[in-house]
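Read the structure below first, then the notes.
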Amino acid sequence: MAIAGADDEAGTPLLAKTVDGSVDYRSKPAIRSSSGGWRSAGFIIGVEVAERFAYYGISSNLITYLTGPLGQSTAAAAANVNAWYGTASLLPLLGAFVADSFLGRFRTILAASALYILGLGLLTLSAMIPSDCKVTNPLTSCSPRFQVITFFSALYLVALAQGGHKPCAQAFGADQFDEKDPEECKAKSSFFNWWYFGMCFGTLVTLWILNYIQDNLSWVLGFGIPCIAMVIALIIFLLGTSTYRFFSIRREDQSPFARIGIVYVAAAKNWNVSASAVTDAEESLGLMSHKISHQFSFLNKALVAKNGSCSIDELEEAKSLLRLAPIWLTCLVYAVVFAQSPTFFTKQGATMERSITPGYKISPATLQSFISLSIVIFLPLYDRVLIPIARSYTHKPGGITMLQRIGTGLFLSFLAMVIAALVEMKRLKTAADYGLVDSPDATVPMSVWWLVPQYVLFGVSDVFTMVGLQEFFYDQVPSELRSVGLALYLSIFGIGSFLSSFMISVIEKATSQSGQVSWFANNLNQAHLDYFYWLLACFSFIGLASYLYFAKAYVSKRLNAL
């Protein structure tokens, strides 16, 4: 857990056992010098490479499997992909709660890895059901319904496992650096960059190799290899056990969720307390001199002892979570845009000229590799060149502030949607010029490389926004809730996927009435994805403007951090 053993009044570290059964490194100074740092983080980043290879081995080509072997329509498959991805991005809230309150990060990662392997194994078994099941008795175990139930059960088991693994592995990796040490504090900021680099490297291997296997060889093999990858990830994680730094939970301490909840409850109970009573309570505790006391001042009513009071630290913990809400909300549009690359971008690519050589065509899902490739190329440049240059001017550990980094990525995602809309307009014009509007299976004589710029912009925007959000939500929550902080970051993309699915369903229904052709028609040469992309570009601009407004007013947990 991310709750370090406290020091006693004399400054001597308290001996404490972690919930994982290991001694808290802060309780024995000798442990600090022989544990943690880049050596431990290296094991954890290695685990992330294997885990992302497995996860994107399923998610990146999921729409192809749904519209192919399972026979779903494009709109239905896109909605199912978004619903699953949304669930997978929200479940980290549950996993983080379990880790920060009960099991600890280490044990949660172990349990999640076991569930991961089970889910991927069942997914492989579902793909083994032969295609001639579609003509058998639906009551038998070889019916299409049995195949669908098995497939989606396994798919959501993978989502549950990812919910425990994702926030805990990253938080556990960041915990290997002591933020009170200036050098390790810089290293921790760099860790988030290299964590994302490792994540994207695993994704890149998936998109180059695994998607080809799934499209051209076998879905059984394409789902089985990720299962093997997760077994390898678990082994790598266990190999580093002796090098990790563990943080203790002192069982007599109150749960951080309970402490924060008490503040909100106390403020609600004291809703009718007079302003003078609140002022008296603030002055008695010295809060008037506190730099952020005026923000969310309605919570200051919790300080009044009438119906139970709280401490200043507990009040600031509650405020720190509340301050995240505007940033969280304004980044939702980015998440909606982010959801398009594995769905409609992939379907676009399937209609275009994809020949590399006379006998080889690039898989549509492999185009997503340009996102990962641009990240793998740009991120080291950002970490080793741009940050040191910026640091020399700003004197900040990260070169630029976390909020500036996030805002830069939001602007780039807006540009990506503008380019995506323009490219789709050209694709539709090309299809019309060659008389292919009524030929959904025909290849539009337009190179698939036209899609590369929007993928590259997605990748570069990820370097700024994704990594910035990870560091921001880890840094700005109470130290005891850092798994939850990273889960909150992931929940942005969960809610964003659900919003994308909802938008698709509403637009599909609205644009297909009275015999009209839907924006998301199965025949993309008749559809209007360009309209949808322009709509997302408008939402992105509004989201960016809103973000800039709230980011300017944001007060950091550590005033020099942002």
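Cβ atoms are placed via backbone N, Cα and C, with glycine included.
Computed from a predicted structure; not experimentally measured.
Pulled from TrEMBL:
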type	residues	note
TRANSMEM	83-103	transmembrane segment
TRANSMEM	110-129	transmembrane segment
TRANSMEM	144-161	transmembrane segment
TRANSMEM	194-213	transmembrane segment
TRANSMEM	219-241	transmembrane segment
TRANSMEM	327-345	transmembrane segment
TRANSMEM	365-382	transmembrane segment
TRANSMEM	403-423	transmembrane segment
TRANSMEM	455-474	transmembrane segment
TRANSMEM	486-507	transmembrane segment
TRANSMEM	531-550	transmembrane segment
Checking distant contacts: for the transmembrane segment (327-345), what same-chain residues at least six beyond its ends satisfy Cβ-Cβ under 8 A? 59-60, 62-63, 77-78, 81-82, 85, 365, 367-368, 371, 403, 406, 409-410, 413, 416-417, 420, 451, 454-455, 458, 465, 469, 472, 488, 491-497, 499-500, 503, 520, 529, 532-533, 536, 539-540, 542-543, 546-547, 550-551, 554
Leading stretch by Cβ pairs under 8 Å, where the reference is the transmembrane segment (403-423) and the options are 110-129, 365-382, 455-474, 486-507, 531-550: 455-474
Test the contact criterion for the transmembrane segment (110-129) and the transmembrane segment (219-241): 3 or more CB pairs under 8 Å, pairs 6 or more apart in sequence, then answer yes or no. yes
Are there residues at least 6 beyond the ends of the transmembrane segment (83-103) whose Cβ is under 8 Å from a Cβ of it, and what are they? 1-2, 19, 59, 62, 111-112, 155-156, 158-160, 162-168, 171, 255-257, 339, 342, 480-488, 490-498, 501
Is the transmembrane segment (486-507) in contact with the transmembrane segment (365-382), using at least 3 Cβ pairs under 8 Å (sequence separation of 6 or more) as the test? no
Within the same chain, where does the transmembrane segment (455-474) have neighbours whose Cβ lies under 8 angstroms from its own Cβ atoms, ignoring anything closer than 6 residues to its ends? I mean 6 or more beyond. 170-171, 174, 189, 192-193, 195-196, 200, 324, 327, 331, 334, 338, 341, 345, 367-368, 370-375, 378-379, 382, 398, 402-403, 405-406, 408-413, 415-416, 419, 482, 485-486, 488-489, 492
Does the structure show the transmembrane segment (219-241) and the transmembrane segment (194-213) touching, where I'm treating 3 or more Cβ pairs under 8 angstroms (sequence separation 6 or more) as a contact? yes
